[in-house]
Amino acid sequence: MTNNNPTTHERPAPGPRPPREIWTGVAEDAQGKEHSTATPTTLVEVAEEKPQLAAQNKKRVIGIDVARGFAVIGMIAVHTMPSSHPDGNATWAWLMFSGKSAPLFAMLAGISLAFMTGGRRPHAGIKGRRSRVSIAVRALVLFTLGAAINTMTDPAPEDILPYYGLLFLFAIPFTTLRIRHLIMCAIAFATLGPVVMFLALKYMGAAYLSNPSFLDFAENPGLAFVTLLLTGTYPALIWMSYICLGMALGRMKLVEKSVQWGILGAGALLIAGSAILSDLLVWWLPTHDILAEATNTADIEEMLLNYSVYGGGMGTLPTDHPLWLAVNGPHLNTPLSEAYGAGFTLVAAGGLSLLAAKAAKLFQPLAVMGTMTLTLYVAHCVALEPLFAQDIVPLNREQALVFQLIVAVLFAAIWKHFFSQGPLEKPVSVISKNVANYFVRGKDADPAAARKDYNPPQFAPELNKV
C-alpha cells in the first residue's frame, strides 16, 4: 500500500522538549508581523491587575473592621449616656444604639470565628482540630477576663465578655457547617431560644445575676451559669443566632459587591418585616386587649410602648401570656426582636463594607478601632466607674462620652502605627495558637506537595537517555 500523503511525519526525538515562548496575547503571522483579533492582554497588564485586586480585597476587609469600630462606638455610647431625659423621652444614644450595637458585636464575632476556621473553605483534619482548640482557649480567656472585670469593678452596663466565653464554646461544633445549615441554625436559635427562655421564666422562676463575677460562680454556680445560658442580658441559647449568622457571612464571598448588596437588602427586609409583624400582632389586632386582661393592667398601651422603646431596660417581659413574645424592643430577646437586631447587623455589615470600598481613607479611624475591639471594650468597662464618679472625674455624661471616643481614636491610631495587633489582641492570639499547637501536633498531608514529590514509573528507561 502506497502512502498518498505527501506530508512526512517525524517521530519526536527523545528527551525534554525545548521551552515554549510565553504567550503575551500578541501573535505573529507568517511574515513575522504582529497582529491580534482582539485587544491584547499583556503580561504587564496581568501583573498590574493583581495589586489592584489585592487593594480591592483590602478595602472589603476594612469594611468589616469599620463595622467592628462602629459597634464599639455604639456600645460606649449606650453604656455612657442615660437611657432617657428627665422628661421621660429616650436619648439619641439609646434610640440609635440600644439593642443594635451588641448584636452587631456578636454577629461580627461570628464572622471572626469563620475567618479563624478557614473562611470560605472550613479547615478540616488536623488544621480543623487545631482551629477548634484555639477557639476553646479564646473562650476561656474571654470568660476569665470578663469575670475578672466584674470582680474588680462594677461596670454600669451588662458586661458581654462572660457571655462571649460561653458563645465561643457553643460555636465550636458549628464551625464545620455550610452556609445554609448555619442560617438554619441561626433561625432555630432565634425562634426556639426565646420560647425556652419564656417557659423557664414562667414555670421555673429563673432569676439572673447582673455581671456574674468569680465570687458569683463560687457561691452560686448554677444561677451564674443559667444567667449566661438563658436569663441574662445576652443569653447564649438565644444569641447563638447572631454567632451562626456571622459564621454564615464569613463563609460567603464578602469581597464581592453583589454579596454585600445582598446582605444589605436582606437586612432591610428583616428590619421591615419584623417591625411590621410586631406592630400587626401587638397594635393592629386586638392583641393588646388580651395582654391587658392577662396582665391585669389598665394602661396596657403605655406599657407596650415602654417595652418597645426601652426593652430590657424595663425588666424582663411578663410571662402571663405567650403573646408577649410578639413584642419587639431592644434586648427583649423575643423572636421578633432577634430578627430586628439581625437585620440591623446585616445592614451595618453590608452598608459599611460598600462605603469602605468607596472611601477607605475616610473610614480608616473606625477601621483601626475595629482591629482592637477587645482592648477598647475592656478599657471602656474599666473606665466607667471613675468616669461616673464626679469627685474623681468632673465630667457629665456627654463630656464623658466625647472623652472616651477621643481617647479611643487616638490610642488606636498611635498603637496601630507601631504594632499590628492591639495590647490585648496580641496575647490572646499568641496564647490560643500556642496552646492549640501544643495539644494538636502534626500537619495534614498537602496534596500539592504529594504531587510534587511523585515520581512516575519509568516504563521505557531508554527513552530517558539524552
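Heads up, the Cβ atoms here are built off N, Cα and C, so glycines get one too.
Given the structure is predicted, the values throughout are model-derived calculations rather than measurements.
Residues or ranges marked as domain 'Heparan-alpha-glucosaminide N-acetyltransferase catalytic' in TrEMBL: 60-256.
The annotation domain 'DUF418' is assigned in TrEMBL to 333-426.
Among the features that TrEMBL reports, region 'Disordered' is placed at 1-38.
Per TrEMBL, the feature transmembrane segment maps to 61-81 (among others).
The transmembrane segment feature in TrEMBL is assigned to 101-119 (among others).
Per TrEMBL, transmembrane segment is recorded for 131-149 (among others).
Per TrEMBL, transmembrane segment is recorded for 161-177 (among others).
Residues 174, 226, 230-231, 235, 237-242, 244-245, 247-248, 251, 316-317, 319, 322, 324-325, 333-335, 338-339, 342 of the same chain lie 6+ residues outside the transmembrane segment (182-203) yet bring a C-beta within less than 8 angstroms of a C-beta in it. According to TrEMBL, the feature transmembrane segment maps to 182-203 (among others).
Within the chain, the transmembrane segment (223-249) has long-range Cβ neighbours (under 8 A, six or more residues past its boundaries) at 102-103, 106-114, 158, 160, 162-163, 165-167, 170-171, 174-175, 177, 179, 182-183, 185-190, 193-194, 196-197, 200-201, 206-209, 212, 216-217, 263, 312, 316, 331, 333, 338, 341-342, 345-346, 349. What TrEMBL lists as transmembrane segment is 223-249 (among others).
According to TrEMBL, the transmembrane segment annotation covers 261-285 (among others).
Per TrEMBL, transmembrane segment is recorded for 339-357 (among others). Residues of the same chain lying 6 or more positions beyond the ends of the transmembrane segment (339-357) and with a Cβ under 8 Å from any Cβ of it are 56, 59-60, 62-64, 66-67, 70-71, 99-100, 103-104, 107-108, 111, 186, 190, 241-242, 245-246, 249, 254, 257, 260-275, 278, 328, 363, 367.
Tertiary neighbourhood of the transmembrane segment (366-389): same-chain residues 62, 64-73, 75-76, 79-80, 105, 142, 145, 149, 153-157, 159-161, 356, 360, 395, 400, 403-404, 408-409, 411-413, 415-416, 421-425, 428, selected by CB-CB distance under 8 Å and a gap of 6+ residues from either end. Feature annotation from TrEMBL assigns transmembrane segment to 366-389 (among others).
For 401-419 (among others), the entry in TrEMBL reads transmembrane segment. Residues 72-73, 76-77, 80-81, 93, 365, 368-369, 371-372, 376, 379-380, 383, 387, 395, 426 of the same chain, all 6+ positions outside the transmembrane segment (401-419), place their C-beta atoms under 8 angstroms from a C-beta of that stretch.
For the domain 'DUF418' (333-426), the DSSP-based tally of helix, strand and coil residues reads 71 helix, 0 strand, 23 coil.
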